[in-house]
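S.K.: Before anything else, here's the structure in question.
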């Protein structure tokens, strides 16, 4: 028993006198700086940090992360086509300048007011209906080109391919003729 006490006291003395390694010194130093950092915090901040949580408990929430699925290719195509329509129809111009939806002129002979769809003579101005109708013609031409591409698919029946080709060519011709008509109304004497 006496030997045990002597061994124990020798072990305690050797632990007290043993030099510390650098990692022990760094660990105790960082722990001391953490505790001293908390004690050096502004007292108002400390009160605001401790007091509310003495009587308030955060709720136990079982929240799931939302799972996002990629949209279908047709949804992406529809969004891109809608964006294209808005851009070519001058939607940004319409929002910024706020032109009237449709114009009007007074007939010099009868004096009656009649509606005008195209802002004639001004290339850098448009009515809202003018922009939307021009944008629709551009989209119609683009859809016609897409239909021509679908008509080249080898896995389709000949009748379906012929329908796609006919609809595509018709759409492109209508879009071209109407766009040229719009330009001639907008700019009198264009290409004459």
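Cβ coordinates are placed from backbone N, Cα and C, and glycine is handled just like the others.
Any TrEMBL annotation is an automated prediction that lacks curation.
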S.K.: From 70-93, 94-117, which range did TrEMBL mark with transmembrane segment?
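M.R.: It is 70-93 that TrEMBL describes as transmembrane segment.
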S.K.: I'm validating the feature mapping. Which of 32-53, 164-185 is tagged transmembrane segment in TrEMBL?
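M.R.: Checking TrEMBL against the ranges 32-53, 164-185, the transmembrane segment one is 164-185.
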S.K.: Taking 16-37, 126-147 as the choices, which stretch does TrEMBL tie to region 'Disordered'?
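M.R.: Region 'Disordered', as annotated by TrEMBL, spans 16-37.
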